[in-house]
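This report refers to the structure that appears directly beneath it.
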């Protein structure tokens, strides 16, 4: 079986396992599917020939590819996450393989009229000639991050079967609950034992990311007073209208749909409620730490103003930091970025360095003492029914993993 065939076989099998995380769950991991998937990977890592294969009580899978060199090479790690996003259903995924893709629109689901078009997704024609894997239009695909996970498995298998490629000790980890921000919560950095690592959790070809948002979450509870609308004058306080009022005080243009690059935002993720009580959940993002703190202060000030206007119980704020910009922790060990950059260039891949408008496990792990940049996996349009992945780009990602390992040994 060649690399491409192994990638397709593993990936299409892995995405059929429902591993969506669940923000409302307090178990670790938050869903049983992640445990099921982790157990499968433990067996397959052993079959490949890795050693020290473990899965702890929290669902974290770790394994070792022993060094095949006498050189003193730093221990490097490669990570991916077990769970898939909660934004769209991930149950009963039916991956569709399109070989030698013609670059034109693909009807994902004729019955539901779900069509993947170049008009909506202009990057689509650039994959002409590739083998791409799409959804059937009814679920997400789960390339985030089963593409990255598959690539690590295939790369480790390749290195075991090609001992002429010299490398130091490599550690592999698969983590649960990344999509809900809890990936590193129970990650044992000391047990992992790597000097630094790479998450395989990026997007299109060439992606190399070592800057992430500073991130916070804000949960607002608006408490109203419900009375009969016919006699409500000077009595009723509509909680949903309080939520609308709060949102109106935020800058309209500082939302995800109006921002790009290094611009931060406020994002209303959900709003549920009625006259008596409404709950709004926001995420707050910015690359610059000062701007990040200013955004949080703005939320606090709006809440304070509304409390003065309507009473302290009218608006209740719970706000917490989620992760910070990893750049601060990557800069002192910049060589790990340089080696990934050089690895890509040597494979005729043009590195595309840009800030992550999101977070990876690496954002938090970098602050836990494990500097962890992020590398592309080949996926597009994550978290929805138009998600797809190029197997040709997945193959390139496997080559990058192998080349990074080789270069660390060569330069030791």
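The backbone N, Cα and C atoms fix where each Cβ goes, glycine too.
Keep in mind it's a predicted model, so treat the numbers as computed, not measured.
Taken from Swiss-Prot, the feature Zn(2+) 1 binding site applies to 81, 144, 201, supported by sequence analysis. All chains included, 25 other C-beta atoms sit within 10 angstroms of the C-beta of residue 144 (Zn(2+) 1 binding site).
Under a cutoff of 8 A between CB atoms, and with a sequence separation of 6+ in the same chain, the neighbours of residue 83 (active site) are 19, 20, 21, 29, 30, 31, 34, 176, 177, 178, 179, 180. According to Swiss-Prot, the feature active site maps to 83, an assignment based on sequence analysis.
Secondary structure at residue 144 (Zn(2+) 1 binding site), taken from DSSP and collapsed to helix, strand or coil, is helix. Sequence annotations record features per position, and here Swiss-Prot assigns Zn(2+) 2 binding site to 144, 179, 383 based on sequence analysis.
Taken from Swiss-Prot, the feature active site, proton acceptor applies to 178, supported by sequence analysis. Annotation note: residue 178 (active site, proton acceptor) sits in a helical segment as assigned by DSSP.
Taking the Cα of residue 383 (Zn(2+) 2 binding site) as the reference point, the closest of the binding-site residues 81, 144, 201 is 144. Within 8 Å of the centroid defined by the CB atoms of 81, 144, 201, the record's Zn(2+) 1 site, lie the Cβ atoms of 80, 145, 148, 149, 178, 179, 199, 200, 360, 361, 377, excluding the listed residues themselves.
Taking all protein chains in view, 27 other C-beta atoms sit within 10 angstroms of the C-beta of residue 178 (active site, proton acceptor).
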